[in-house]
Structures are given as structure tokens and as C-alpha cells.
Amino acid sequence: METEPAAGPRLGNVRWTICAMLFVATSINYMDRQVIAILKPTLQHSIGMSEIAYGYIVDAFQIAYAVGLLAAGRFVDKVGTRIGYAIVMAIWSLSAMGHALAASAFEFGIARFCLGLGESGNFPAAIKTVAEWFPQKERSLATGIFNSGTNVGAILAPLIVPWITLRFGWHAAFLCTGIFSMLWILWWFRYYRRPADHPTLTGVELRYIYQEAAAQMGPNVPWIKLLGYRQTWAFAFGKFFTDPIWWFYLFWLPSYFSSKFHLDLSHLGLPLIVIYNMSAVGSIGGGWLPLPFRKLGLSGNNARLAAMFLCACLVLPVFFLSGISSEWAAIGVLSIATGAHQGWSANLFTTVSDMFPRSAVGAVVGIGGMFGSAGGALLAFFAGHVLQRTHSYQVLFIIAASAYLLAFLLMWAFAPGLKKAEFAA
């Protein structure tokens, strides 16, 4: 039975300081990965980078990210959160700064591959940290807080990168964002310890964190076994078809606004800030969205599916984006689409705990993450070739508009009603 700590001794909030560190790390993570997207028009002029070459550079990141997900979780488990998180952050910060040394598309691809390997460790390390520092009832809130750093990073990048680039050049933009990571590592090493070893943690807060530890134990489920369940494939297909759309927005929207509406670097920030602010609203609202459907009488799983279907429908106007000549109309369509994606994604992640026991959730999320990165690599390859040959985003926007409904239908086919996977006792 869950109990709040008795009145009297102060509970303490060290765990929320740890959560704030995860939020900052995730914000830096997304800033580092988005720098190249904002600088794409600049790099095309300075080093003659083609659309196909840019697609290959994005591919290098996506492939490394997918490969890194295979090993990152086990690596952090083996060396511990304090050392493991610092190492993956060091890899991606050095890789981010290494972009400043690149003088060709091939060299950018190498830096991007190393960045993907390092950044793949952020979410496994952050999720493990939450598991170490929070009781079960607070983990979803803690995860939601640090995960909102993805939107903050996406918003900060178009604010900071153009300012640095216009004053000091594009090399400095890569160096500065990488330095942020190094500063975080110093903070992490100075402050982070396991709860049992933390010098400022009160005994009351320590007991509060560990109150459910025994109840949370469960057997690990091998990945091979999980691939035999239709529910695993339902989640994997959901990620495979929709994660690439978010990556597409992240890596190609700056160049879309630059080419379509002739925005230079100094005017590129505002559209991206508006769009990613709306994605933050979608991220927060996505968790709330099933509640009105539950009030209409739907079960929890069907309410979640209804919310996901609504998000899939809200993306459909992207189909007409190529014909829109108004900059602010395009911003409006993309704002709704990115917000709907984040709402979809929030509910998609929750389907895993709807369909699987707690002991299998991490592995299923890892499988889905690899499928999402693989889909992102394929779309990046395709996008580079399409844009090089047609100089048009029309085909890509058609894919972006239809991917969610296709994913929804496949998820329904593989796991009708999000039926729970049955494991032998």
C-alpha cells in the first residue's frame, strides 16, 4: 500500500533537482541535433552541400542512433548512471563541436554518425535515472518534465544558432552548443549520486523513493521473445511510420521556409519558434486528450485509440501544404501538425504500458525506437534524392500527411483495442 510520508519531517526535493538536470540534458540534446538543420542553407552555400549529400548526413545520424539504442541501455546499466550518462554526453558534445572542423559533406557525415551514437544514450540514461530516483507514482510526471526538454531544445536552437552564426560564423555555432554539454557534465559529476549515497538527501525522501522497490521487481523479457507478440509489432509499426515525420520536420523545415518563402538566417527563427511552441502544447495536451473520450463512455484503451485517431486526422492538412503561398498559413498548418504529432507520440508511448507488463516496457520501447530510427534513415535517404531531382516538397508532405492514418490502421490490425499481451506465468 502506498503511503505518503508522515507529517513532521520535511520530505525534501533533491529528486526534482535531478529531474531538472535531466530536463537540461534533454534540451541540450535537441539543440545539438538541430544545429545542422538551421545551418543547412548556409552550408549549402559555403561548402556546396547538395540535397542528396544532406540526406546522407541525416542518414548517418539516424543509423548511428538506431545502432546506439541497441547498446546504450546495457552500457549505462553496466557502468552506472553517473559515469554512463557523463560518457554518452561527452561523446555527443565532442561530436557536436567536431562539426566545426568539417569541410566536406563526408566529414559532416562522420561527425553526425558520432553524434548519433552519443545522443542515443540520453533517453536510456534519463529513464534509468528516473527509475533510480522516483517512486512509481511520480515517474510519469518526472518523465514528462524531462521529455519536455525536446521541445525547449527545438525552440532554443533557432533563437541561439542564427545569433551566433551571424556574429561569429557557422563554426562557432557548433562549438557553442557543444560547450553547453561540457558544462552540464561538470554539473552532473559535482551533484549526482545514487539516492543511497547522496549527501544532501534526507532519510525521509530516501524512504519515499524506495517505498515501492520490492513491488516493482519483475523478470526481464528477452527481445527475441517479445518479437513473437503482435502487440510489439503494433508499437514498432506505429514508431516506424510516424517517428520519421518528426525527424523530417526537425531536419528539413528550416530549409523549407528558406527556399519556399526566401527567409534568410536572421528571419528563420520566428516560424520555427512558433511551430515548436505548438508542439510543446501538443506534448502536454496529448496526455490529457483521452479523458474527454472516457467521459463519453469509452474504455481506457479505446479512449486512447480515439485520441490517436484524432491526432492522425489533424495532420491531414499537411497534404495541401505545397499549394499554400502564405507563410503564416504554412506556419499554422505545420504548428497543428507538429502539435498533433506530439499528442500522437505521447499516447503511442503509453500504449506500451497498456499492452505489456512493467518488466517488458523498456525492451518494447527500445525495439520501437530502433524501428523509428530505421524509418527515419529511409525517409532521409528518400528526401535527399526527391529534393535534389524535383526541388519540391510535395511528395514529402503527402507522406507526412498520410503516415499517421496508415500507422493507426496497422496498429489496429495487429492489436485490436490494444489487447494486453499474455505471458506464461
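For all residues, glycine too, the Cβ spot is worked out from N, Cα and C.
These numbers come from a predicted model, not from an experiment.
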Segment assigned the feature transmembrane segment in TrEMBL (from 144-164, 333-353): 144-164
Positions on the same chain near the transmembrane segment (170-189), where near means CB under 8 A and six or more residues out: 21, 24-25, 28, 31-32, 35, 39, 42-43, 46, 82, 85-86, 89-90, 92-100, 157, 160-161, 164
Proximity verdict for the transmembrane segment (52-71) and the transmembrane segment (360-383), three or more C-beta pairs under 8 Å: yes
Mean of pLDDT values spanning the domain 'Major facilitator superfamily (MFS) profile' (18-419): 89
Recorded stretch, among 14-31, 233-253, 305-324, maximising Cβ pairs under 8 Å relative to the transmembrane segment (360-383): 233-253
